[in-house]
Amino acid sequence: MSLLLSSRKWKDLSLLFPICLFLGIFFLIPLVILLIKSVTVPSFGLGNFYELLATSTYIKILGNTFLVATLVTVFAVLLGFPLAWCITLFPKGWGRFLLNVVLLSMWTSLLARTYSWLVLLQSSGVLNKILMGIGLIDQPLELVHNLSGVIIGMTYIMIPFVVLPLQASMSTIDPMVLQAASICGASARSVFFKIFIPLCKPGIFSGALMVFVMSLGYYVTPALLGGVSNMMLPEFIVQQIQNFLNWGVASASASILIAVTLVIFYIYLKVQSDSPTSSNKGS
Amino acid sequence: MLLTPQSIGWKLKSTLYFITGAIASFLALPIFFIVALSFGSSQWLIFPPPHWTTKWYERFFDNPQWIEAALTSLQVALMTSIIATAIALPTSFALVRGKFAGRDYLYSLFTLPMIVPVVIIAVATYSMFLSLGLTGTLVAFVISHVIVALPFAMISIINSLKLFDKSIENAAVICGASRLEAIFKVTFPVIKPGIFAGALFAFLVSWDEVVISVMMASPELQTLPVKMWSTLRQDLTPVIAVASTLLIFISIFIMLVANILRKRSL
Amino acid sequence: MNKLIKKGALTLALSMAVAGANASDSMNFVSWGGSTQDAQQQAWAMPFTANTGIKVVQDGPTDYGKLKAMVESGNVQWDLVDVEADFAYRAASEGLLEPLDFSVIDKTNIDPRFVSDYGIGSFYFSFVLAYNKNRLSSEPTSWSQLFDIENYPGKRALYKWPSPGVLEMALIADGVAEKDLYPLDLDRAFKKLDTIKDNIVWWGGGAQSQQLLASGEASMGMFWNGRVFSLQEDGLPVGVSWDNNLVMSDFLVIPKGAKNKDAAMKFLAYSTSAQGQADFATLTAYSPINNESSALIDEGLNAYLPTSYSEDQVSLNYQYWAKNGQAISSQWNSWLLK
């Protein structure tokens with residue numbers, strides 16, 4: 001019996017062979033070589049880490065990074081949920097149209113969409129002109145080169161990454177389950193919160209996680225739509241690598257980001273009842 | 001209830017229509033705006049422009065580099081999507097079905113390429129490809145794109161596999177199918193949307209990748225985002241809006257064709 | 001001029017097609033892309049190839065991280081690179097560059113401000129005060145007015161990176177004399193910038209700076225003079241003040257271990273010659289670093305070149321920046337995030 005189990009285990013592990021080989025050679029080895037520079041460049045020791053943590057600047061940048069990622073994740077889920085729901089609900093007409101809009105937005109170049117937002121949001125931009133035209137505001141709003149610019153631009157880009165996994169998990173939910181609950185006398189509200197949302201949780205979880213970690217490392221959109229006072233970590237790293245060739249500090253800050261993210265991930269795994277891998281049906 | 005149109009009241013239905021309509025306009029707004037920008041005469045993206053023009057379209061078609069870049073992008077993205085999905089599929093099965101310890105930790109290990117800032121990945125892989133003498137080749141583009149695309153494909157497939165009720169597959173096995181047969185004939189068709197979404201994500205990650213691609217590019221080989229990025233940095237010319245507009249129309253065209261094919265097959 | 005550039009692009013495409021046939025008579029030139037590189041291609045590479053038969057393959061944009069990675073890996077694919085002056089000094093001190101061979105390159109007529117052992121100026125430019133006339137009722141004439149929000153309302157566009165320019169500008173506006181600028185009094189500069197901090201929009205590249213000024217998003221700011229020139233050429237309502245214009249330059253450098261070092265040295269010699277510099281200035285309104293070039297430039301253009309405003313010039317000290325840039329940048333970041 002134990003022999004059987006272990007051969008089963010080997011079979012499972014052999015499925016992981018391609019990914020381990022690929023990521024090992026092309027990702028982990030080069031990454032480790034680079035990250036080692038955080039303690040060897042310019043001289044051996046923890047000097048780079050002292051330099052980063054001694055000033056409040058780096059902590060603020062790290063804080064900004066997580067703040068933006070959190071806000072973007074929340075907004076993307078809030079806006080993505082009704083879309084995914086409608087796409088599942090009306091697969092032919094309206095839902096089909098919504099799905100096409102989502103796909104169309106994903107297919108449009110990221111750089112182009114970001115630039116489009118820049119022109120839309122700036123104080124002499126279209127949005128401000130319209131708002132002033134209809135008399136809602138008399139002074140142009142500052143929508144870009146600050147936190148709101150980054151949040152609008154990034155939420156926009158992340159919505160499809162919530163909608164698609166969420167819709168995929170919604171479409172596997174058996175409508176009869178909800179029907180049954182309602183027949184048993186549950187109100188629409190409690191069916192929604194007690195049954196529908198929990199069933200959607202894996203989809204929300206994977207979408208939100210994807211958006212959150214993507215946002216942490218995002219460079220292009222914050223660099224174009226953000227202001228410098230809410231600089232995020234990737235931009236700081238670019239500055240270190242590009243302007244000052246300071247790979248030591250750059251790798252040190254990347255190591256800290258990776259460590260902090262993994263800790264958060266770990267806590268999340270402990271708190272969250274669903275694990276990201278194990279099935280919530282059966283086992 | 002809540003998942004079939006008949007079962008929800010008109011109040012909820014109209015609220016949903018209204019909310020999703022607003023979100024859809026939010027998604028569509030910048031796209032239509034790009035189309036308008038591509039016809040504007042102002043090089044400096046002043047809007048509304050002094051007058052309308054098609055001169056940026058002439059510029060675009062005068063320069064063969066744009067078309068070449070688009071073809072390279074397509075090639076790289078297709079290969080990335082196929083390879084990433086092929087690696088992610090067995091991984092997902094092992095992580096979801098496997099009975100060994102530490103699966104959650106392996107999962108977070110495999111999502112590392114999403115967490116590590118792209119700049120760091122770019123510099124690290126660039127150094128490696130330099131020492132291998134592979135920079136500026138298709139191989140370098142595809143490998144580096146697969147690294148960042150893999151987690152997307154994996155998360156998507158895992159997500160749909162988790163929801164799949166394994167007892168259905170077991171039933172097929174009990175009825176005489178081999179395990180592999182059951183996986184191909186029963187499991188795959190059900191999790192197809194997840195696999196498809198994963199492949200699509202991988203494609204898009206590659207299609208839109210800027211930071212790594214700028215590193216990998218050479219004068220002879222560059223992708224569309226590289227061409228756009230270098231154009232944006234120096235000259236904010238609306239030729240970029242032209243390129244985007246054409247891409248938008250290509251994707252609308254693809255969607256229309258897909259819809260027609262779907263109707264035929266029904 | 002546009003036609004010329006188009007012709008340049010065509011030759012570029014052609015030269016790319018034949019490049020690589022023989023490595024010894026071809027070299028890679030790397031610059032920032034866009035109209036600057038088009039002009040370099042046309043003013044330098046085309047005549048150089050015609051004279052010597054050495055093909056010049058255009059690559060880019062310049063990327064310092066990429067350059068360092070190449071040198072460290074020993075597989076250097078770039079032969080001649082256009083970089084910012086302070087970077088040229090820093091890279092030289094880190095051992096990333098080849099020393100120049102002054103038996104091939106004639107430096108006798110080159111402005112000594114733009115010569116070092118490891119690099120020579122490719123052109124020089126000025127940070128100037130420029131403004132959108134539609135946004136202001138009166139025209140500003142000095143940097144101190146950039147800090148006068150009351151009389152000159154609107155946003156100020158400033159260069160985002162901690163590099164030579166903004167801090168010096170703030171100190172000059174605060175009344176510091178040119179000779180007392182260095183070492184920089186950072187506290188004083190930041191205090192001055194604090195007075196307009198909420199009104200600053202930062203630009204990260206030339207195209208973005210033009211967009212801010214042209215759209216009126218910023219009413220005034222500090223800009224590269226060539227970028228302002230092309231806005232004016234386009235007929236936009238943009239004015240400029242040359243008072244205390246701040247001189248900065250790009251350098252041409254050869255990365256250590258470049259495969260076609262000798263060809264790069266020859267190309268560098270041609271680029272910095274009187275003719276090469278004059279042709280480039282004519283196309284871009286950036287100034288030649290060769291003292292003999294002015295005579296070869298059309299009279300009408302001179303009004304737009306920094307060369308004509310030399311008595312109002314303040315030279316930025318890039319050697320100081322090469323040494324202290326890292327330390328300044330950490331203070332700069334902490335000021336920004338305050």
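Using N, Cα and C of the backbone, Cβ positions are placed for all residues, glycine too.
The following features are taken from TrEMBL:
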TRANSMEM  A:12-36  transmembrane segment
DOMAIN    A:62-268  domain 'ABC transmembrane type-1'
TRANSMEM  A:66-90  transmembrane segment
TRANSMEM  A:97-123  transmembrane segment
TRANSMEM  A:143-164  transmembrane segment
TRANSMEM  A:176-197  transmembrane segment
TRANSMEM  A:203-225  transmembrane segment
TRANSMEM  A:245-269  transmembrane segment
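Against the transmembrane segment (A:203-225), the recorded stretches A:12-36, A:66-90, A:97-123, A:143-164, A:245-269 differ in Cβ pairs under 8 Å, and the greatest number is found for A:143-164. Packing against the transmembrane segment (A:245-269) from elsewhere in the chain are residues 34-42, 47-49, 51-52, 58, 62, 65-66, 213, 216-217, 233, 236-237, 275-276: each is 6 or more residues past its ends and has a CB under 8 Å from a CB in it. For the transmembrane segment (A:12-36), the residues of the chain that approach it from at least six positions outside its boundaries are 247, 251, 254-255, judged by C-beta separation under 8 angstroms. The stretches the transmembrane segment (A:143-164) and the transmembrane segment (A:97-123) are in mutual contact, each linked to the other by at least three Cβ pairs under 8 Å (pairs 6 or more apart in sequence).
Residues 83, 86-87, 140-144, 149, 152-153, 156-157, 159-160, 163-164, 167, 220-221, 224-225 of the same chain lie 6 or more positions beyond the ends of the transmembrane segment (A:97-123) yet place their CB under 8 Å from a CB of it. Long-range contacts of the transmembrane segment (A:66-90) within its own chain (CB-CB distance under 8 A, at least 6 residues past either end) are made by residues 96, 98-99, 102, 147, 150-151, 154-155, 158-163, 166-167, 170-171, 200, 203-204, 207-208, 211-213, 215-216, 222, 230, 232, 260.
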